[in-house]
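According to Swiss-Prot:
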- Arg68, Lys77, His84, His157, Lys223: heme b 2 binding site (BINDING)
- His106: Fe(3+) binding site (BINDING)
- 235-253: compositional bias 'Polar residues' (COMPBIAS)
- 13-218: domain 'Cytochrome b561' (DOMAIN)
- 1-5: topological domain 'Cytoplasmic' (TOPO_DOM)
- 31-45: topological domain 'Extracellular' (TOPO_DOM)
- 68-76: topological domain 'Cytoplasmic' (TOPO_DOM)
- 104-116: topological domain 'Extracellular' (TOPO_DOM)
- 143-149: topological domain 'Cytoplasmic' (TOPO_DOM)
- 178-195: topological domain 'Extracellular' (TOPO_DOM)
- 221-283: topological domain 'Cytoplasmic' (TOPO_DOM)
- 6-30: transmembrane segment (TRANSMEM)
- 46-67: transmembrane segment (TRANSMEM)
- 77-103: transmembrane segment (TRANSMEM)
- 117-142: transmembrane segment (TRANSMEM)
- 150-177: transmembrane segment (TRANSMEM)
- 196-220: transmembrane segment (TRANSMEM)
Amino acid sequence: MEGYKSFLVFLVSSLLLGFLGVIFTLVWVLHWREGLGWDGGAAEFNWHPVLVTSGFIFIQGIAIIVYRLPWTWNCSKLLMKFIHAGLHLTAFVFTIVALVAVFDFHNAKNIPNMYSLHSWIGLTVVILYALQLVLGVSIYLLPFARDTLRAALMPVHVYSGLLIFGTVIATALMGITEKLIFSLKEPPYSKMPPEAIFVNTFGLIILVFGGLVVWMVTTPAWKRPREQEIKALNPTVSSPDGTEEGSTITDCSNTEKSDVELNSEAARKRILKLDDAGQRSTM
């Protein structure tokens, strides 16, 4: 089960790094900065890095890889779409609050808005993320779009999602560097005080987290098989007339770990065979 174990290593590593990134952000603002608050001061600004890291980076990363979790392959595709969209919506709400915090802080302190490259790219990627969310729900979650349209737009949907995710991480790295340059005076950033080392390490953590997420979602062997393949691999599915035959296709809570591992590995082998034969669509 080499493929399954490799996936688990990547998955656990990414989750640990993502969670560690959130912890690093909290330690940064609570220990070295002014803490958290909502009074128009620096403590309100500190919500910006905390919410961007936890929502726009960590939760978005989970939303991207949720289809790759083998133990969810017995869940219905519709259920997974709701989970995928729900996680993205949660990340978007976090991001909006983060934007409100930084604009509120700037306005309270008479600091100009939207003058840095960080702010330009940051606002652009938020708008693109909102557009991606609206189009994704309209095309893939609501039952109005044709299957041909969904299949045709899937490569664009995947590419734009990964592009947005990578841009978010790059923008976050720009932002934390900008914050350190502005904030560290005695000693300056160039002298590498403990805060600088700590925050630089935080930047490396979210960078590696993003790399692991992209690797997992672009590895063909770890792709969720189509619904027909899942049913073929699972002998206990409901019959066409609706009679019960021990189906787990819509209930993923009772699947044994050994069955998940077996089915996931068999599914990957099936996917690779289809890829080699040129039979598999972009879905």
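Using the three backbone atoms N, Cα and C, a Cβ is placed for every residue, glycine included.
Projection of Swiss-Prot feature records onto the structure.
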{"residue": "Arg68", "record": "heme b 2 binding site", "DSSP class": "helix"}
{"residue": "Lys77", "record": "heme b 2 binding site", "DSSP class": "helix"}
{"residue": "His84", "record": "heme b 2 binding site", "DSSP class": "helix"}
{"residue": "His106", "record": "Fe(3+) binding site", "DSSP class": "helix"}
{"residue": "His157", "record": "heme b 2 binding site", "DSSP class": "helix"}
{"residue": "Lys223", "record": "heme b 2 binding site", "DSSP class": "coil"}
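Counted over residue pairs 6 or more apart, the CB atoms of the transmembrane segment (196-220) and the transmembrane segment (77-103) come under 8 Å in fewer than three pairs, which marks the two as apart. Sequence-distant contacts of the transmembrane segment (77-103), counting only residues of its own chain at least 6 positions beyond either end whose CB sits under 8 Å from a CB of the stretch, comprise 38, 44-45, 47-52, 54-56, 59-60, 62-63, 66-67, 113, 123, 126, 129-130, 133, 136-137, 140-141, 224, 227, 250, 252. Residue pair His106 (Fe(3+) binding site) / His157 (heme b 2 binding site) shows a Cα separation of 34 Å. Note on the transmembrane segment (150-177): residues 48-49, 52-53, 56-57, 60-61, 64, 117-118, 121-122, 125, 128-129, 132, 135-136, 139-140, 199, 202-203, 206-207, 209-210, 213-214, 217-218, 281-283 of its chain, located 6 or more positions outside it, place their CB under 8 angstroms from a CB of the stretch.
Here the topological domain 'Extracellular' (178-195) has long-range neighbours at 28, 32-33, 49, 116, 118, meaning same-chain residues at least 6 beyond its ends whose C-beta is under 8 angstroms from one of its own.
The average per-residue pLDDT of the prediction over the topological domain 'Extracellular' (178-195) is 96, rounded to a whole number.
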